[in-house]
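As written in Swiss-Prot, here are the features:
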COMPBIAS  251-272  compositional bias 'Low complexity'
COMPBIAS  298-309  compositional bias 'Polar residues'
DOMAIN    45-87  domain 'GRAM'
REGION    175-265  region '10 X 7 AA tandem repeat of Y-G-X-P-P-X-G'
REGION    251-309  region 'Disordered'
REPEAT    175-181  repeat '1'
REPEAT    182-188  repeat '2'
REPEAT    189-195  repeat '3'
REPEAT    217-223  repeat '4'
REPEAT    224-230  repeat '5'
REPEAT    231-237  repeat '6'
REPEAT    238-244  repeat '7'
REPEAT    245-251  repeat '8'
REPEAT    252-258  repeat '9'
REPEAT    259-265  repeat '10'
MOTIF     186-189  motif 'PPxY motif'
Amino acid sequence: MAVNQSHTENRRGALIPNGESLLKRSPNVELSFPQRSEGSNVFSGRKTGTLFLTSYRVIFITSCSISDPMLSFMMPFDLMTNLTVEQPVFAANFIKGTIQAAPYGGWEGQATFKLVFRNGDAIEFAQLMVKAASAAARGFPLRTLNDWFSSMGIYVITGEGNMCTPQMPCSVIVYGAPPAGYGAPPPGYGAPPAGYGAQPVGNEGPPVGYRASPVRYGAPPLGYGAPPAGYGAPPLGYGAPPLGYGTPPLGYGAPPLGYGAPPAGNEGPPAGYRASPAGSGARPQESTAAQAPENEASLPSASSSQVHS
C-alpha cells in the first residue's frame with residue numbers, strides 16, 4: 001500500500017499505471033482505519049472520496065473539497081488479506097480487510113481498512129475485485145473495452161463524484177512511456193489506402209479503381225441460348241399407344257363351357273398339340289373336355305377297341 005502517490009497535483013485525478021484497465025469507479029465512498037500503525041496521523045479520521053478498481057489494485061482519491069493529510073491511498077491486490085463484505089441493518093454496506101505497507105509506500109506496518117459505500121454497490125465492487133485479483137494472480141488480468149492504447153503510459157482519471165456525466169465525461173490525461181508491447185502498430189496496420197475511404201452515399205457507383213466487369217461475366221455465350229427443338233414437345237411416336245394395345249381380338253373371347261378358371265401358368269395347349277399316349281394314364285376330366293375335336297380323332301385305334309370289348 002502507498003500513501004499520497006496515486007493522485008494528480010490538483011487532486012482531481014487518479015494515476016493508473018500503464019497496462020492496467022479501469023474496471024469500476026464508485027463515488028461517495030468513505031475510508032477509515034479502525035486499526036492502524038502508531039506514530040502517523042495520516043490514517044486518523046474518516047475520508048470521503050472516489051474509489052477506483054483496476055486490473056491490479058484499488059485506488060482511493062480523497063475529495064478535493066476536504067482538507068486531509070491523506071490525498072490518495074493505493075492498495076495492490078497482493079497486499080490485501082482478510083477481505084469481508086458486511087451488510088449492517090441500519091447502515092450502508094462496507095468492505096473490510098487488512099493491508100500491508102508496500103516498499104517505499106510512505107508508511108510501514110499494516111492496517112485494517114474499512115470502505116463504506118454510501119451509494120450502494122459494495123457487493124458488486126467486492127465481487128469484481130475478487131475476480132480481478134484471481135485473474136491477475138493467474139497472469140491474465142481483466143480487460144475492458146475502455147482500455148486506452150496510446151503512445152503514453154500512465155492514465156489520469158478524474159476522481160470527483162459529480163464531475164463525470166454524459167454532458168461532461170471524465171477527462172483523461174496521459175503521462176509516461178508505454179512498454180514495448182504497446183508501441184506503435186506495425187507498418188501493415190497504418191492508415192488505410194485511398195481506395196478504402198468512406199462508402200459513397202447511396203452507393204451511386206464504385207470508387208475509382210473498380211473497373212467494369214470483363215466481358216465473360218456479361219451475357220451468356222451463344223451456346224447457352226434457347227434450348228433446341230428436340231427439347232420441346234415429344235414427337236408423334238410418343239403419343240397415345242397404337243390400336244393393337246386396345247381390346248383383344250375376337251379369338252380371345254370367353255373359354256368354352258366346362259372350362260374353369262385355369263391356374264396361373266396353366267393356359268390351354270396351343271393349336272396342334274397332341275394328347276399324351278394312353279400309357280401315360282388318364283387325363284383329368286377338365287383337360288379332356290378342353291381338347292379340340294380333332295385331337296380326339298387322332299387317338300390310336302387300340303384305345304377304341306378296349307372300350308368296346
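Note that the numbers count up from 1, one per residue, in the order the chain is shown.
Any Cβ shown, glycine's included, is placed from N, Cα and C.
As a whole-number mean, the pLDDT of the repeat '3' (189-195) in this prediction is 53.
Counting residues of the domain 'GRAM' (45-87) by DSSP class, helix then strand then coil, yields 3 helix, 26 strand, 14 coil.
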